[in-house]
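*Asks:* Please see the structure below; I have some questions.
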């Protein structure tokens, strides 16, 4: 890929950022249940509040990008993350663990939309390639963080907190020295989203429908980090084996891109059709995993899930960038990131309630039904867009 150096710096920064968080996020539910002796429902509520902090961070980060620029926005979010990860090393009992987790979600929430918006701004002609590069960087972080996290956690969870802090320190160094970039996007003056003409209204409605679809997909996807994670412990699959699932996920996203290229060619680059294929693959993954009682079946389910996300996840910020009016790139990326965060917020709670009240089979059926609803929103999100602006 002919990616500009400035975008490469953002790619490296995103990889460091996600590596840091990936030491912790796959193990949150396990830590609260096994170490803090909390139920799945309580763990789900904590993760939901954490995600609400991320939603506020996403919206604030996107808005600040349009007003102040990406550099100052990212540094502000990084400072919040450094404070919260430092405190997490000293106070990680109940309820302090939940407090610092929410604070970390808020700071991290500011960073991600600013990086996405800055990438689109410094390389405006990159299109899907721009956001696919950032997406790949996120998954490098997932692969590294999750691979190391499970093994480190089996030694001591205290080492997880230390590793988390060190990665944010490295990210801060890169952000301070490399993210002060120049780009031509107009800075937006401090006011609300203006819906002054029909085109902007159509774009905004399309964005909202897209975000609803995105949230629903994340409600299902996040089960792999919450209810499914806990279920693996109940059937004596080790934390290191569980972490291998996410390592496979990250590595596949890096090396399996050529495997989805023929499908993209058949669909003639139509991003909407690619997402439809991806959601259907998600549904197949949950169907397969519903029968899992051994690690090998979970691994097959994860491989199928990964192919689905390769079609869906990078497509959404690409469409948001396409829909965004001048000076609103940050806000639109903020909305998209908030949508995923809302899904992450309600997903563990919904899944936890289904498992606690019924069983794992009910949870899997519920997720397949939700993904069917997501397909409906995807089918109509661009219905009112002009023909020459069809996604």
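Think of each number as a place in line: the chain as shown, counted from 1.
Cβ atoms here come from the backbone N, Cα and C positions, even for glycine.
Note: TrEMBL annotation is automatic and uncurated.
Not my notes, these are from TrEMBL:
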DOMAIN    6-384  domain 'Major facilitator superfamily (MFS) profile'
TRANSMEM  7-27  transmembrane segment
TRANSMEM  39-61  transmembrane segment
TRANSMEM  73-91  transmembrane segment
TRANSMEM  97-119  transmembrane segment
TRANSMEM  131-153  transmembrane segment
TRANSMEM  159-183  transmembrane segment
TRANSMEM  204-224  transmembrane segment
TRANSMEM  244-264  transmembrane segment
TRANSMEM  276-292  transmembrane segment
TRANSMEM  298-323  transmembrane segment
TRANSMEM  335-355  transmembrane segment
TRANSMEM  361-381  transmembrane segment
*Asks:* Restricting to the same chain and to residues at least six past its boundaries, which positions have a Cβ under 8 Å from a Cβ of the transmembrane segment (298-323)?
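*Replies:* Cβ under 8 Å, 6 or more out: 116, 120, 127-128, 130-132, 134-135, 203-204, 206-207, 210, 214, 217, 221, 224, 228, 232, 237, 244-246, 248-249, 252-253, 256-257, 259-260, 263, 271, 274-275, 277-282, 284-286, 288-289, 292, 329, 332-333, 335-336, 340, 391.
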*Asks:* Are there three or more C-beta pairs under 8 angstroms joining the transmembrane segment (276-292) and the transmembrane segment (97-119), sequence spacing 6 or more?
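*Replies:* Judged by the Cβ rule, the two regions do not touch, with the required three close pairs absent.
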*Asks:* For the transmembrane segment (159-183), could you work out the same-chain residues 6 or more beyond its ends whose Cβ comes under 8 Å from its Cβ atoms?
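*Replies:* Answer is 6, 9-10, 12-13, 16-17, 19-21, 23-24, 27, 70-71, 74-75, 78, 81-82, 85-86, 88-89, 92, 118, 121-122, 145, 148-149, 152-153.
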*Asks:* Most CB pairs under 8 Å with the transmembrane segment (361-381): which of 7-27, 39-61, 204-224, 276-292, 335-355?
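*Replies:* By the under-8 Å Cβ criterion, the transmembrane segment (361-381) pairs most with 204-224.
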*Asks:* Quick test of the contact rule: Cβ under 8 Å, at least six residues beyond the ends. What residues does that give for the transmembrane segment (335-355)?
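*Replies:* Same-chain contacts beyond the flanks: 29, 39-41, 43-45, 47-52, 54-55, 58-59, 61-62, 109, 112-113, 116, 207-208, 210-212, 214-223, 225-227, 230-231, 316-317, 320, 362-363, 366-367.
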